[in-house]
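Reviewing the structure listed below.
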Amino acid sequence: MEASPPFTPSPFDEGDEQAAPRTEDGLGVLILAPTSNDASLTARFLEKAGFTAKICPSVDDLCDQSRAGCGAMLLAEEALVNGAGNKLIEILEEQPSWSDLPLMLITASGVTPQTRARQITALGEMGNVSMIERPVRPETLVSSCEVALRSRRRQYQVRDLLSKLEGMMLQIQQQARVFDTTLSSISDFTYIFDRSLRFIYANRATLELLGLELKDVVGKTFSELPYPRGLAVRLERQIEHVFQTGEILRDETAYTNPAGRTGYYEYIFTPVLGNDGEVEVVAASTRDTSERRRNEEALREADRRKDEFLAMLAHELRNPLAAVTNAAALLESPNLEDRSWAADVITRQNGQLTHLIDDLLDVSRITVGKIRLREEVLDVALVLDRACEGAHLLIHERGHQLIKKYETGKLWIKADPTRMEQIALNLLTNAAKYTPSGGRIELMASKVEGEVRVVVKDNGVGIASHLLPEMFKLFAQGERSIARSEGGLGIGLTIVQRLVEMHGGRIEALSEGLNQGSSFVIHLPMVAAPFVQQTERPVNGQTSTRRVLIVDDNVDTANSMARLLKRVGHGVEVAYDGPQALEKARQHLPEIVLLDIGLPGMDGFEVARRMRLEPSCEKCVIIAVTGYGQPKDRRRAINAGCHHHLVKPVNIDELKRLIRGEPMPSLVE
């Protein structure tokens with residue numbers, strides 16, 4: 001059948017005015033006509049009507065152009081021959097879900113409805129097909145194109161909306177991943193509830209606490225999860241309260257999870273408001289406060305111990321001070337026996353005060369790591385013998401029996417001799433104090449599994465079992481005697497334990513209970529015996545008297561020290577300030593200068609520096625004698641030119657040895 005033009009002659013003849021554009025980019029009409037003449041005629045008509053038209057010479061070109069994008073297709077039924085319809089169906093089936101490309105099919109006149117239905121069906125179920133019967137009226141063609149392009153325009157709007165929604169969905173998914181990753185990276189338990197009080201989210205920490213997967217938690221309430229009934233009801237009521245009031249709620253509770261781990265938890269329920277101001281969800285966060293509560297309890301306990309210690313310190317200081325005050329009054333007595341007795345009391349109580357202060361300094365130095373050990377290979381027996389000598393008077397006064405079980409030259413350790421003697425002396429003194437008169441004290445040393453084991457055992461008041469773990473804690477004295485008649489600061493055993501540990505050892509306290517005695521066992525690394533035993537000797541053998549200059553603004557301190565040194569044969573001069581000290585140094589050429597640092601005006605550091613410039617003091621030994629005992633004070637004294645640094649009150653025997661030229665060990669850097 002000869003093809004006829006798609007429509008009757010148009011009123012839009014050559015020369016007619018061009019219509020306003022009806023389409024935009026991407027919404028053109030693709031034309032597939034039986035002949036090129038029909039295609040050109042149709043294209044010119046559509047363009048004059050304001051449409052964008054493009055001629056496709058074949059079905060293949062039509063398919064390619066449609067893939068690039070178009071608003072609609074206009075084709076004659078004659079073009080759908082030789083499988084062209086199948087190709088067109090493939091194109092229509094390839095469309096994305098938003099696309100329903102309009103297809104206008106120009107058919108012959110007089111086609112029955114059944115034939116038309118078969119033609120539409122032949123184009124596939126996805127075809128958005130409209131039939132235009134010949135002869136085509138211009139108004140019909142224009143109207144069909146407008147309807148088709150309007151439909152296509154809406155499809156593009158749907159496409160853009162779907163693309164925007166897809167982008168928003170990707171953004172939401174990314175935010176959800178960031179949200180979940182962030183909340184799962186923290187140790188706090190984070191979770192969210194909807195208005196039915198059901199979980200809609202729980203982070204990893206929450207799931208691990210419950211021992212469940214997210215799918216097992218979401219959609220369930222507290223009552224449906226492994227929570228105690230009473231706790232679950234309480235939490236659900238609190239969440240409901242937040243939904244009703246919009247108020248933040250804070251609380252804390254104990255909880256034992258399914259694995260049996262018990263902890264204490266602090267939680268907060270926070271309302272999340274929607275645009276209408278109503279609570280949409282409740283966000284919750286829970287923190288495990290078990291460690292914090294333990295630390296707080298430890299701090300409270302430490303504070304309590306500190307208060308007890310300060311009260312005990314005041315008590316322990318008042319006792320010797322009271323005795324010294326009374327003895328000082330008796331020194332004015334004309335009775336020689338009273339004065340002698342008073343002097344003995346002052347000496348003993350001064351020793352007690354010095355011991356208290358030394359303990360305080362030791363525990364402070366150990367705590368901040370300022371103790372330096374001067375280690376050497378030691379015979380354990382010799383160390384224990386020296387400790388026994390130190391405790392002899394107390395043991396003798398109490399009528400105790402001291403039994404020693406160790407041999408000389410059998411056990412060797414690498415340790416600081418002064419500190420090891422301090423350890424053993426402390427334990428012996430404690431045993432003597434806490435054992436009723438006439439008791440039995442055993443001091444034993446042996447080799448056990450490559451270690452040296454030293455045991456101090458008594459048959460005294462013993463230690464209650466609940467106090468054993470507390471014995472080495474700072475300020476823990478332990479109620480070892482009902483009346484606490486022995487006193488003490490309760491820091492001696494702390495010092496002992498720290499010193500033992502600094503030597504690489506350990507110490508333990510053992511007791512069967514009150515009135516069952518106690519044992520303190522020290523374990524220390526054992527070393528081989530030295531090939532040559534060196535005995536300690538003075539740096540020089542000088543025993544002659546020395547010329548000594550004492551510089552101190554405290555008149556009583558300076559004069560009393562001068563009397564003591566004169567009694568042992570030294571020549572002594574006294575100065576009470578810096579300028580006077582420099583003048584007397586030029587006049588008397590001292591060999592030894594005992595220099596107080598806290599002088600008024602020109603302090604001791606400046607005096608030492610100036611003395612170093614004096615020819616009269618070129619070879620003199622300057623000993624700083626001061627109440628400032630920190631390591632920085634010692635360094636300042638040495639930098640100023642002092643040779644030694646002693647802390648008040650000075651041990652007279654040590655001072656005498658130092659004046660004679662014997663070395664005095666210093667353990668603090």
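Glycine residues also receive a Cβ, built from the backbone N, Cα and C atoms like all the rest.
Because TrEMBL annotations are produced automatically, they should be read as predictions rather than curated entries.
The region 'Disordered' annotation in TrEMBL falls on one of the ranges 1-20, 501-520, namely 1-20. Confidence over the domain 'PAS' (175-246), given as mean pLDDT on the 0 to 100 scale, stands at 89. For the domain 'Response regulatory' (547-663), the number of residues in each DSSP class (helix H, G, I; strand E, B; coil) is 55 helix, 24 strand, 38 coil. Take the CB of Asp596 (4-aspartylphosphate) and look out to 10 A: across all protein chains shown you find 25 other CB atoms. Look at the domain 'PAC' (249-301): DSSP puts its residues at 12 helix, 30 strand, 11 coil.
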